[in-house]
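S.K.: This is the structure I want to talk about, given as structure tokens.
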């Protein structure tokens, strides 16, 4: 009972922060890739790639909840963490902007499959309530932030643990590289959709990556440090085990 109360308190804190982001006036920069920015063929292609990931995520989510119903509150906490961090925007490139992703914690606790669902829910609410991203571009944003970024973070986490690195170092690398991988994919998405007239898609991807890096590298480092702090608090309060879930 005490454990569930702690989780509910943490989740309510995340919800309060999310509501604050909704009521505080914000400048109208689009979060992620904004609605209507991608050509229809690319928007559809990314949606077709994202749908099987959603199906797999639902299977994983159902299995986790069936095995331990108390995980629902921890899942809500991870979802709130993703929502709050990914709603902090730093304008970077026309049609998109830099921000933390917040997926590292959920990746460590539940694996990348569940993050596809959490990320999709977050992106949907941000598109509908905050005008961040969009419905037509949700497939592209979901593939970058909720699928490929988390998969990279998960692989880094597993390799770091097998290499015997300190737990805090492994958490930091997972969160930071999941963030950077997200923006690498976003750069590719924008680059192939809008190739450079002279250098082609490759040149366009490099340009997008170069501009994103100016803000995203320090943001990713900060996200890694914050995730370490949150993970450390969850373990100290015995909300999770040291090994994660």
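All positions are counted from 1 along the displayed chain.
Glycine too: its Cβ is placed from the backbone N, Cα and C atoms.
Below are the features I grabbed from Swiss-Prot:
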- 1-30: signal peptide (SIGNAL)
- 36-56: transmembrane segment (TRANSMEM)
- 73-93: transmembrane segment (TRANSMEM)
- 105-125: transmembrane segment (TRANSMEM)
- 137-157: transmembrane segment (TRANSMEM)
- 169-189: transmembrane segment (TRANSMEM)
- 210-230: transmembrane segment (TRANSMEM)
S.K.: Within this structure, do the transmembrane segment (36-56) and the transmembrane segment (137-157) have 3 or more Cβ pairs under 8 angstroms, counting pairs 6 or more apart in sequence?
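M.R.: Yes, the transmembrane segment (137-157) and the transmembrane segment (36-56) are in contact.
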S.K.: Is the number of Cβ-Cβ pairs under 8 Å between the transmembrane segment (73-93) and the transmembrane segment (210-230) three or more, considering only pairs separated by 6 or more positions?
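M.R.: Contact between the transmembrane segment (73-93) and the transmembrane segment (210-230): present.
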S.K.: Take the C-beta pairs under 8 A between the transmembrane segment (105-125) and each of 36-56, 169-189, 210-230. Which stretch has the highest count?
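M.R.: Checked against 36-56, 169-189, 210-230; highest Cβ contact count belongs to 36-56.
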